[in-house]
Amino acid sequence: MTEKVTKLALASRLIVLLVQLVANGALPEHKPDVFRMPVSSDQNASWIDKVIKRCLGGLRHWDGEYFLHIAENLYSYENTLAFYPLYPVVVRHVGQAVEAIGISLSQESILLVVAVALNFWLFCESANLLFQLTQVLFNDLNKSWNAALIYCFNPATIFFTAAYSETFFAYSSLHLMLECSKPTGSFRYLRLGTALAACLLCRSNGLITLGYPLYFFGRQLLLKNKEPNTCMQLTQMTLTILGAIGILHTYYFYIYRLYCLPNTRPNHPQHIVDYAVERKYLLSGQGSEGSPWCQYTLPFPYTYVQSHYWDVGFLRYYKWKQLPNFLLALPMLSFMHWHCYDYMQHLAKAVWAKLTPSGFKELIRDHTTFPFVLHAAILTLVCTVYVHIQVSTRLLASATPVFYWFAADHMPKTLAQLKLRSKAGALFVWCTTYSLVGTVLFSNNYPWT
């Protein structure tokens, strides 16, 4: 089954790549006034560079420009601090390894190829992780396959191929969830800690994934009788979590040193400086006078940067001019709100029926999906009231497997049994329409969810 899932995932990525290639060549590219990675005039484009730009150029738009800029120049502009480092830094180091081989490509082309190739590989791996996680929790091959199928053609599928961190985060979070959900009851702390650190370094919402090791470790202590090695396990789990948080704070310290300490003066290339002047961006190395967040008691830049540069905040996006973006996000948000509410309603009835210590343990043992649905419900609520509403589809599609489990419940055993005038049919139309339209629009630099 692993081979079958891998073939499905790879085929879906090749379809997206083909649609992007055709759309990028057939339609005129939109040129919005947004961030574009500044490129040195010293880079001479060879014919291979032009072929790569022609074939993959549609996969670098919007946030992809930021990730590729960080991969090449690190955090030279303050607005790039909205993007966490794991994905672009991995792309950077793999790109440097490829460049060391002596391939005659520009750095811009190498980074784009590496970014897309990395997402291809991680997508196939994450599809298999989703299949395995679903099988561990539900022991249902049909549901596991349908979940993987929907994942491969999810409504935000273009963002899992483009130079975005969605695929890396999906891979990291699914790996963490699978490690926490292992039925053996013994945690592999090194793997768990690595996956947790990857989640924290990949996306800001990775912080919520801390709840998984905490919940499943507490669940194990509750359901099992006290064992002689409980203290050792508690120590190991504590060190694992603190280690992952410590790695995240190493990144925070690096950013603080880069932007707030007066003795840090990066030697920026001239084209980076020129673009900063043109766009009125704050360059790193300005010292504590450069930005207000340097004076905060806890000088974490993320919230400030999101608020200052993107106007992200509680209900700030609720404006009439954003109605099209609300409509784009409506299918995902309404789907998730309803199914999470329905799950919690049934859970509340089960809790009410078993208000005893033994009944509580039974609930914890039987409702293994509770932390996943709670996580999904929190993310859905945050998307609804806080973030730019149009990112809800890709955020939820990459951050939680719950969407795929709920969707898989509506799917028939085979696609031959699929009827368009049914819930499964509506789901099929939604996923295929968003996949196709999203790929066409995104690859030509038009706004998309």
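Here the Cβ of each residue, glycine as well, is placed from N, Cα and C on the backbone.
Taken from Swiss-Prot, the feature topological domain 'Cytoplasmic' applies to 1-7 (among others). The topological domain 'Cytoplasmic' (1-7): residue composition by secondary structure is 6 helix, 0 strand, 1 coil, according to DSSP.
Taken from Swiss-Prot, the feature transmembrane segment applies to 8-28 (among others), supported by sequence analysis.
Sequence annotations record features per position, and here Swiss-Prot assigns topological domain 'Lumenal' to 29-82 (among others) based on sequence analysis.
Secondary structure from DSSP puts Asn44 (N-linked glycosylation site) in coil. Around the Cβ of Asn44 (N-linked glycosylation site), a 10 Å sphere holds 7 further Cβ atoms from the protein chains shown. The N-linked glycosylation site annotation in Swiss-Prot covers Asn44 (among others).
Packing against the transmembrane segment (83-103) from elsewhere in the chain are residues 63, 66-68, 70-72, 74-75, 110-111, 113-115, 118, 163-165, 168-169, 172, 198, 201-204, 206, 251: each is 6 or more residues past its ends and has a CB under 8 Å from a CB in it. Annotation source Swiss-Prot lists transmembrane segment at 83-103 (among others), citing sequence analysis.
Positions annotated as topological domain 'Cytoplasmic' by Swiss-Prot, on the basis of sequence analysis: 104-109 (among others). In the predicted model, the topological domain 'Cytoplasmic' (104-109) shows an average pLDDT of 91.
Per Swiss-Prot, the feature transmembrane segment maps to 110-130 (among others). Panel annotation: around the transmembrane segment (110-130), residues 2, 5-6, 8-10, 12-13, 52-53, 56-57, 59-60, 64, 67-68, 71-72, 87, 90-92, 94-95, 98-99, 103, 147-148, 151-152, 160-164, 167-168, 170-171, 174-175, 178, 401, 404 of the same chain, lying at least six beyond its termini, place a Cβ under 8 Å from a Cβ of the stretch.
Swiss-Prot lists 131-148 (among others) with the feature topological domain 'Lumenal', giving sequence analysis as the kind of evidence.
The N-linked glycosylation site annotation in Swiss-Prot covers Asn142 (among others). Over all protein chains present, the Cβ of Asn142 (N-linked glycosylation site) has 13 other Cβ atoms lying within 10 Å.
With a cut-off of 8 Å between Cβ atoms, the residues of this chain six or more beyond the transmembrane segment (149-169) that come close are 8-9, 11-13, 16-17, 20, 59-61, 63-64, 67-68, 83-84, 86-88, 90-91, 112, 115-116, 118-120, 122-123, 126-127, 130, 198-199, 202-203, 206, 331-332, 393-394, 397-399, 403-404, 407-408, 411, 427, 430-432, 434-435, 438-439, 442-443, 448-449. For 149-169 (among others), the entry in Swiss-Prot reads transmembrane segment, with the evidence type sequence analysis.
Under 8 Å from some Cβ of the topological domain 'Cytoplasmic' (170-196) lie the Cβ atoms of residues 86, 122-123, 125-126, 129-130, 132-133, 136-137, 160, 202, 206, 209-210, 212-213, 215-217, 220, 224, 233, 236-237, 239-241, 243-244, 368, 372, 397-401, all in the same chain and six or more residues away from its ends. The annotation topological domain 'Cytoplasmic' is assigned in Swiss-Prot to 170-196 (among others).
Sequence annotations record features per position, and here Swiss-Prot assigns transmembrane segment to 197-217 (among others) based on sequence analysis. Below 8 angstroms of C-beta separation, residues 84-87, 165, 168-169, 172-173, 175-177, 180-181, 187, 233-234, 237, 240-241, 243-245, 247-248, 251, 302, 371, 374-375, 378-379, 382, 395, 399 of the same chain, each at least six residues beyond the ends of the transmembrane segment (197-217), sit close to that stretch.
Here Swiss-Prot flags 218-235 (among others) as topological domain 'Lumenal', drawing on sequence analysis.
Per Swiss-Prot, transmembrane segment is recorded for 236-256 (among others), and the stated evidence type is sequence analysis. Among residues of the same chain six or more beyond the transmembrane segment (236-256), those with a C-beta under 8 A of the stretch's C-beta atoms are 75, 81, 84-85, 187, 189, 192-193, 196-197, 200-201, 210, 213-214, 217, 294, 299-301.
Here Swiss-Prot flags 257-368 (among others) as topological domain 'Cytoplasmic'.
For 369-389 (among others), the entry in Swiss-Prot reads transmembrane segment.
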* To do: For the topological domain 'Lumenal' (131-148), could you work out the same-chain residues 6 or more beyond its ends whose Cβ comes under 8 Å from its Cβ atoms?
  => 1-2, 5, 8-9, 174, 177-178, 181-183, 368-369, 401, 404-405, 407-409, 411, 413
* What residues in the same chain, six or more past the boundaries of the topological domain 'Lumenal' (390-423), come closer than 8 Å to it by Cβ-Cβ distance? -> 130, 133-134, 138, 142-143, 146-151, 154-156, 159-160, 164, 166-167, 169-170, 173-174, 177, 203, 205, 325, 328-329, 331-333, 335-336, 339-340, 369, 372-373, 375-376, 379-380, 383-384, 429, 434, 447-449
* Using Cα coordinates, what distance in whole Å links Asn142 (N-linked glycosylation site) and Asn44 (N-linked glycosylation site)? -> 52
